[in-house]
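Enquirer: Next up is a structure, given as structure tokens.
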Amino acid sequence: MATRGGRWADPVFLLGFLGLYFFAKGFLLSRRVLDFSSTCTRPLLPAFPRYESPHLQSTQSGCWMPRSFDKAVILVIDALRYDFAVPHAPQSSRKDAYQPFHNALTILHERAAQEPQNAVLFPFIADPPTTTLQRLKGLATGTLPTFIELAPILPKAGRRLVHLGDDTWTKLFPNHFLPNLSRAYDSFLVADLHTVDQGVEEHLIPLINHHQDEWDVIFGHFLGVDHVGHRFGPAHPEMSNKLKDMDRVITEVVNSIDENTLLVVVGDHGMDEHGNHGGETENEVQAALWMYTQRRHFGHLLVHPQEPASYLNKSAVYQIDLVPTLSLLLGIPIPFNSLGSPIKEAFLGAAGNNWGQLVRAYMLSFAQIERFHREYSIVEENAQHALEHNHTDFPQSVPGQELDFQDQEFLKTLYHELCDYQGKILQHYKSIWAQFNMAHIVEGLIILLSGAVALLLRVCAWDQCNIILSASSRTIKMGTAASIATYLIHIAIVEPEKSSMSDGVILGATMSSIMLFTCQFHLFGMIQVSTKSQMPTFWDIMAIALTILLSIGFASNSYTVWENQTVLTFLATFGICTISMSYRNFDRRKNTLGALLSVSFMILVRVVSLSRYCREEQLPFCVTTYHRLGNTMGWRLLIPYLIAILIPMATRIAFSSDLISQDIGVWTWCHIGMPMALFFNAVYWTLDSANRIGWLEGRHSDMLSKGLHNFFPQSTLVIAIASSGIALTSKWTTIMTPVRYNMIITTFILLISILVSGPMGGGSLSILYFQILSLRKLLNHSRNYAIGPTIAALLGTLHFFGTGHNATLSSIQWEAAYILSQDLSYPWSPLLVTLNTFAGPIVAAFSIPLIIARYGYSKGMHPVAKSYAIHVLVYSVWALSTAVWASVLRRHLMLYAIFCPRFLMAGALLLIIDVIAIIISLITAVNTK
């Protein structure tokens, strides 16, 4: 579109999308899937047939090893952190050391300590990211990140599976469970603490007691602990109640199973101090694993007979080790893609000296890993090189003939060599699957850089000279040549199996577009025109400096972790500069007003910084003050009511000159619709918080809860849509100026963002709105077009942190998906989470037309289009910077904890801001024709 108001709405924005696509394809890791499976009849390796049991060719008696158990009950307690299962240490000197979750789930540790041959308890270590879907894939397949789809081996081995609880299992492994006995429940209703758990409990005990001949393995997945963590956090009395429920259920199962049934209780991940997960902190990756049988089965190494509990706190098991362990115990083949090792306590025997059985289990695991290694080396060059290298470390004690199972010392030596060798193989594949595709990374960086340069040219060209777009035959030929050359280079440097023809075509078309776009500008002439015209202002230089300085800071893990403080400093610096610049005005009244607005701007910046949600790397130098959705109490509940008063009042004052006419539509929005919607929002969050902390317990509690999730938030949304729609389209609105139009759109977006952000998040967003109104007065000259969009981007970043977020997965407030409904509703629930997460940048982006409303029309681009081009340019530079530093520091220890999440945040923001810029620019173009 080339209208005067919308020249920004060109395909230039696509460069950001394409650059992120290619960079992410090379940077985000992937692995090749081998379509092989393990069977009882196929030997593991021709070189090692003696370590199998040739007569065991049926899963009825055991495959590869005689099976130890006929049945298994596997209970997954979502987010069962390890310290939930161990007793509180009374010697702790911290006043706050005792938490409600301590000593609530006692059976796991008590049985492991009192009956060490019947029960074992381990810390269960997960590889991040600690999300339920990925953890279940790791648990069920024994594979490493990245995670892949592989069907479980159990149904192929003739085992009858029953699933109870979290429906994630049925999504991962459809058609694997007995439909007449299985029961699946929605796993995303975080507000519901009991339905799934009660459903599992209702069917679990009857299945064990009365239908034992109809199943072989039961998977029961409890969600209550995870949901309590998300709603209240671990340090809440409700967590104690839920863990006591789990203790009671496990006790019932222990009393119901027979000697031929193995009971496994496992957590798929843990949770942090706020009840969230998705990161790699110790509390998030350390879950609990407990195995129990009615007969003496488990053995221990190097443990004093009188102190079995001391062993519990020293031993840890990786989650991928559970698959080969259960496979051999149940007499089924180890899955082909499993790289885990058997848990030694399960094969040592009750006396702790059955080295023959332990070595046989490890030899089977060793042979399976070797088979996987050889097959993978055929198709992966990196693995082939490593095959030759690793076989120099091949266990020297592996004999050429049958093992002597009577030589205990030899078996111990062989066991330790096998452990070391399998550990090296495991680390080797972790390193292989951490290989980056540098060709795609470089292609993505080039496109991102080209997109940023194209935006800069777009702004500078139309600002300095009126260039008419044209496409000469020479330009077209150059573009075609660039496309073909890029495609040929792409297929030459990128391995065919790691790319596709469509990627080459897209890349060629992209570079052709860049060439066509660049050829439209006479760069030397632009430089001459620019130098002969006006020089950059002080504010232009500051905008450039702030953007570049923050981009450089992304190279440091410390600056990235403390980005909120860096942005705070930049905005405070801007406030000081506005104070000094205000005194250059000869109007004394304007000087005073400018100084007051500057001081108030800096005070609001400092107030926002008091709302913090600390990430793990900031501890102990940071104290969390932000209360997440539903956990707000005390004076914080007054914030929504203050918002309901102050925002309409500030709007009427700031736009008094624009609202002087008696248009009923605009009057309805400012005096009725907006205040009423904000009041409904305040009532909703008050009742929601009261319901969560138990103030509304009683016979009407369920009715109130249903009303909370239906009437108030939905009414808020309906009022906002209806009244703003009337203001924008009503026949009574006789004069719709651009200022009015933009004010209504901005306040509507602000209101919806406040609804999904909770009391404290809403308070931060209201402060953002007040700061935007201050900028309207502080930046009132048309030559200051660069600083306004830049400060808006910095304000959006500051309020991203002020609304309780960080560049971490664990800070995502998933509860926002249920504000309008108790059920998930696509696409609305994901949109609510997105709006909650990026509310600060979104509101700031929609507010740009208000900031530059006083700018006059100039030759070239419309000021709205120009300002959005600069705003997107700022985010493009930040996205490019985070991508560059993430690729340069791709071997950094903190890559996936700090640099990768910050790149993902920058990429998501760039896409969102692109969409907002296009929408508003098109609306502006339509309204200025």
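Just so you know, the numbers here start at 1 and follow the chain as drawn.
Quick reminder: no glycine exception, Cβ is built from N, Cα and C everywhere.
The annotation transmembrane segment is assigned in TrEMBL to 12-30, 438-457, 506-525, 537-555, 567-586, 633-654, 666-687, 707-729, 741-770, 838-857, 869-888, 903-926 (among others).
Where in this structure would I find these features, and how exposed are they?
Expert: Same-chain neighbours of the transmembrane segment (633-654): 627, 670-671, 674-675, 678-679, 681-682, 685-686, 689, 693, 743, 747, 750, 754, 759-760, 762-763, 766, 769-770, 773, 776, counting only residues six or more beyond its ends whose CB sits under 8 Å from a CB of the stretch.
Within its own chain, the transmembrane segment (666-687) is flanked in space by residues 632, 637, 640-641, 643-645, 647-648, 651-652, 659, 696, 704, 708, 712-713, 715-716, 719-720, 722-724, 726-727, 730, 733, 740, 744, 747, 751, 754-755, 758-759, 762, which lie at least six positions past its ends and keep a Cβ under 8 Å from the stretch.
For the transmembrane segment (707-729), same-chain residues at least 6 beyond its ends with a Cβ under 8 Å from one of its own Cβ atoms are 191, 665-666, 668-669, 672-674, 676-677, 680-681, 683-684, 687-688, 691, 736, 740-741, 744-745, 747-748, 751-752, 755, 818-822.
Beyond the ends of the transmembrane segment (741-770), by six or more residues, the same chain brings 600, 604, 607-608, 611, 626-630, 632, 636-637, 639-640, 642-643, 646-647, 650-651, 655, 658, 666, 669, 674, 677-678, 681, 684-685, 689, 713, 716-717, 720-721, 724, 727-728, 795-796, 799, 802-804, 813, 816, 819, 832, 835-836, 839-840, 842-844, 846-847, 849-850, 853, 920, 923, 927 to within a C-beta distance below 8 angstroms of the stretch.
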